[in-house]
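A quick write-up on the structure given underneath.
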Amino acid sequence: MAATTSLLFPLLLLLLLPLSQATTFVITNNCSQTIWPAATPYGGGVELLPSQNWTITTNTTNSTSGIIWARTNCTFDSSGNGTCLSGDCSGALNCTSRPSSPVTVVEYSLYQWGNNDFYDISLTDGFNLPVAITPTGPGNCSAVKCTGNISGECLPELRAAGGCKSACDVYKTDEYCCNKVGSCSPTKYSRFFKSFCPNAYSYAMDDPTSTFTCTSGGDYRVTFCP
Ligand SMILES: *[C@@H]1O[C@H](CO)[C@@H](O)[C@H](O)[C@H]1NC(C)=O
Ligand SMILES: *[C@@H]1O[C@H](CO)[C@@H](O)[C@H](O)[C@H]1NC(C)=O
Ligand SMILES: *[C@@H]1O[C@H](CO)[C@@H](O)[C@H](O)[C@H]1NC(C)=O
Ligand SMILES: *[C@@H]1O[C@H](CO)[C@@H](O)[C@H](O)[C@H]1NC(C)=O
Ligand SMILES: *[C@@H]1O[C@H](CO)[C@@H](O)[C@H](O)[C@H]1NC(C)=O
Ligand SMILES: *[C@@H]1O[C@H](CO)[C@@H](O)[C@H](O)[C@H]1NC(C)=O
Ligand SMILES: *[C@@H]1O[C@H](CO)[C@@H](O)[C@H](O)[C@H]1NC(C)=O
Ligand SMILES: *[C@@H]1O[C@H](CO)[C@@H](O)[C@H](O)[C@H]1NC(C)=O
Ligand SMILES: *[C@@H]1O[C@H](CO)[C@@H](O)[C@H](O)[C@H]1NC(C)=O
């Protein structure tokens, strides 16, 4: 009896171990041009040629969150110092700060209450590249995709180098930035973004149609230009 238990216990532990691993994001450049994807606080940033992958891993199974985006038309010197047309993070190749707008941002929150991951695509800082995030673990979790010619079709007043800015970034008003709690609704500008990407955040309070969830423990694929 006791022998069986002491044999079973390590076996059970081995079975449970894979459930408590850090989360991996495989980031793929499916664009026809080179991009410089970036991620904080896990990852930093790299140059990624077409069809190459970059894998980043979180270092904890505690509740944590982060963002992933891509930069375009960058030049860096040998010390990793430079500039990008869009998505720049204070000139560093290996990002530790948030990107400048316009930029399409993938957001994730892992191991939240009830063992849930939350993930979304946010256009609240505008749009620079199409992107998709796809859960690859077990379970029936939805992929989220934002594609469409948003840069090309951008409203003239939001147009910017490398993409299309959000109204919040251009006008910085409480209405567009949802700065006043409980008083924020769609505007013609958020509707413009929503018309291209119905599953992405088009303004800060756009939760019902824009936030997705999956049981924690699985990994993700992030594809630029899906
Ligand atoms: C995990 O990564 C974060 C962000 O890179 C870092 O601040 C933290 O010190 C790391 N923790 C451990 C235990 O390595
Ligand atoms: C990028 O910065 C992170 C810390 O944010 C560090 O762990 C990593 O080694 C750096 N990568 C390179 C290539 O320097
Ligand atoms: C990149 O990742 C994708 C999806 O995970 C995989 O199908 C592909 O083989 C990988 N490509 C390379 C060059 O490793
Ligand atoms: C996870 O959280 C616990 C309690 O807050 C903390 O003691 C531990 O260091 C954290 N682990 C990591 C890997 O961050
Ligand atoms: C950005 O890079 C792309 C691809 O290399 C190129 O076609 C485009 O002209 C560049 N845009 C600017 C403003 O330099
Ligand atoms: C990057 O450039 C800035 C301004 O030219 C300089 O102050 C900084 O030391 C450089 N950083 C590195 C890592 O070379
Ligand atoms: C998976 O989820 C989709 C939509 O959330 C639903 O339509 C489908 O029936 C689900 N499939 C299974 C096998 O549960
Ligand atoms: C995107 O929109 C612009 C402006 O309407 C147009 O010139 C361009 O051909 C479009 N690109 C694609 C791929 O549809
Ligand atoms: C990559 O882009 C091509 C179109 O250029 C598309 O057909 C394909 O489905 C994309 N692959 C992924 C994994 O999104």
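Cβ atoms here come from the backbone N, Cα and C positions, even for glycine.
TrEMBL does not curate its annotations; it predicts them automatically.
Note that the structure is predicted; figures quoted are calculated from it, not measured.
Taken from TrEMBL, the feature disulfide bond applies to C31-C225, C74-C84, C89-C95, C141-C214, C146-C197, C154-C164, C168-C177, C178-C184. The signal peptide annotation in TrEMBL covers 1-22.
Sequence features annotated in TrEMBL and their locations in the structure.
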residue: C31; record: disulfide bond; DSSP (3 states): coil
residue: C74; record: disulfide bond; DSSP (3 states): coil
residue: C89; record: disulfide bond; DSSP (3 states): coil
residue: C95; record: disulfide bond; DSSP (3 states): coil
residue: C154; record: disulfide bond; DSSP (3 states): coil
residue: C164; record: disulfide bond; DSSP (3 states): strand
residue: C177; record: disulfide bond; DSSP (3 states): helix
residue: C184; record: disulfide bond; DSSP (3 states): coil
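Local packing around the disulfide-bonded residues C141, C154, C164, C177, C184 was summarised as the count of other Cβ atoms within 10 Å of each Cβ; on this measure the leading residue is C164.
Here the CA atom of C154 (disulfide bond) lies 15 Å from the CA atom of C168 (disulfide bond). When each of the disulfide-bonded residues C89, C225 is scored by how many other Cβ atoms sit within 10 Å of its Cβ, C225 comes out lowest. Nearest in space to C146 (disulfide bond), taking C-alpha to C-alpha distance over the disulfide-bonded residues C84, C184, C214, is C214. Within the set of disulfide-bonded residues C31, C141, C177, C197, C214, the entry lying nearest in space to C164 (disulfide bond) is C197 (CA atoms). Within 10 Å of the Cβ of C178 (disulfide bond) there are 18 other Cβ atoms, across all protein chains.
For the disulfide-bonded residues C84, C168, C197, counting C-beta atoms within 10 A of each C-beta gives the highest total at C84.
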